[in-house]
Every structure is written in structure tokens, then in C-alpha cells.
Amino acid sequence: MATWANLGLQNSSSPLMEQLNFFHDHTVLILIMITVMITYVMGMLFFNKFTNRYLLHGQTIEIIWTILPAIILMFIAFPSLRLLYLLDEINSPLITLKAIGHQWYWSYEYSNFMNLEFDSYMIPTNELDLNGFRLLDVDNRIILPLNNQIRILVTATDVLHSWTVPSLGVKIDATPGRLNQTNFLINQSGLFFGQCSEICGANHSFMPIVIESIPMNYFIKWVSSQLN
């Protein structure tokens, strides 16, 4: 989850987020190399006494500054395209979860089970436990099994919303009249927090998302208790 004064990305809890972190570091490394090189070249230009008689016409340097950026962009584009395909790939999901955005709460339906659905509201600050997280805890958490492919279908009933859990690398728009989908796999047990990431009205900041990841045997017991 997000912590105070954290300048980096959240710790990854899914393979997709690990790949996103790697791509971020890869891109930042390239940007640092470009910045250092440009700073060095600009410094050399300003602090030397040489003159160039061919300043107005330099075909060689024009070829270099055309080809070199193209090569650099290829090193960024290919990993980016690979990630885009991974984010859209659906790999035989074990469970399908449907999230429906409302002003200003979420509804969830487990499509694999009959009559397993609930609404999820933020717990007000005056009703929060001492160990609760302000503006992040909900009355009904999403319970999902560990180390299994999960497909999520997202839509909305009124205005645009966005279902987002940063530590899982998931962000998908909830659009009225349209069903969007993505998949993810949680490789760590625990609680994962997110929020609506599309401004949707006065209480937009009061639409938290909480996922509780548990082993499969505990998930089966939870499903049985809910259905009974």
C-alpha cells in the first residue's frame, strides 16, 4: 500500500507489476544516460575556445542526431509493446470477478458462484477501528485466492470510474454501458489497497478498494460460508 513520504512505486505483488517496475527502471536508466550525455556535450560547447568553420552545414552530425534517437526509441518501444500485450492477455482464469462502479461505492459479483455478490462502502472515520486505515478500509473486502489467474470485468452504472490497485499493476476504466476486462495473479498473501482513479463527483476520494489474498483452502471455506 502507499506509505508516507514514499517517492518510489509500491512493492509489486503480482508478476505484471514486477514487469512494470522493471520497465520503469529500464526507461529511467536510458533517460539518465541521455541527460548525462547532453549535459556533457553542452558543457564542452560552452567551455572551450574552438571554432567550427562548417557550423551552418554538417551532414554527418545531422545523420547522427536522426539515427541515434531512433535507436534509443526502439530500446524503449519494444519492451513497452511486450508489456501492452501481457496486460491484455487473458490466461485461462480460475475465477471471474465483476466490479460495478457507483456514485460512490463499488459492487462485486463472483460470476463462478450463484448469489455471491455484495456492495463495498468506505468505513467512515468515526466508525474506524484503531488499527484501520483512514479513507482506505471498507466494510466488505474482496476475497481472492493466492497464485491463481483472476479475470476482472469492470463497468459502471452512472459515470466514469476507474478500478485501480497499484501494487498489483491493475488500472481499468469503468464505463457505463461497456464491459472492460483484464487479468492478474496475486503472488503474495495480504491486504492490497486501491482507490477509484477517475474523478467521478463530490465523493470521488471515498471509493476505496481492498483485496484480501488468501490460500485456496481458506478461499473455499469463505465461499462456502457466504453461500450458506
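Cβ coordinates are placed from backbone N, Cα and C, and glycine is handled just like the others.
Listed features, source Swiss-Prot:
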BINDING   His161, Cys196, Cys200, Met207  Cu cation A1 binding site
BINDING   Cys196, Glu198, Cys200, His204  Cu cation A2 binding site
BINDING   Glu198  Mg(2+) binding site
TOPO_DOM  1-26  topological domain 'Mitochondrial intermembrane'
TOPO_DOM  49-62  topological domain 'Mitochondrial matrix'
TOPO_DOM  83-228  topological domain 'Mitochondrial intermembrane'
TRANSMEM  27-48  transmembrane segment
TRANSMEM  63-82  transmembrane segment
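Comparing the binding-site residues Cys196, Cys200, Met207 on other C-beta atoms within 10 angstroms of each C-beta gives the minimum for Cys200. In three-state terms derived from DSSP, Cys200 (Cu cation A1 binding site) belongs to neither a helical nor a strand segment and is classed as coil. Taking the Cβ of His204 (Cu cation A2 binding site) as reference, residues of its chain lying under 8 Å away and at least six apart in sequence are, in sequence order, Trp104, Cys196, Glu198. Taking the mean position of the Cβ atoms of Cys196, Glu198, Cys200, His204 as the Cu cation A2 site, the remaining residues of that chain whose Cβ falls within 8 Å of it are Gly101, Trp104, Val159, Leu160, His161, Ser162, Ser197, Ile199, Gly201, Met207. Neighbours of the Cu cation A1 site: apart from His161, Cys196, Cys200, Met207, residues of the same chain with C-beta atoms within 8 angstroms of the site's C-beta centroid are Gly101, Gln103, Trp104, Trp106, Ser162, Ala174, Gln195, Ser197, Glu198, Gly201, His204. The binding-site residues His161, Glu198 differ in how many other CB atoms lie within 10 Å of their CB, and the one with the most is His161. For the topological domain 'Mitochondrial matrix' (49-62), the model gives a mean pLDDT of 74. Sequence-distant contacts of the topological domain 'Mitochondrial intermembrane' (1-26), counting only residues of its own chain at least 6 positions beyond either end whose CB sits under 8 Å from a CB of the stretch, comprise 76, 79-80, 83, 86-87, 133, 136, 166-170, 184-188, 190-193, 213. Taking DSSP states H, G and I as helix and E and B as strand, the topological domain 'Mitochondrial intermembrane' (83-228) has 27 helix, 63 strand, 56 coil.
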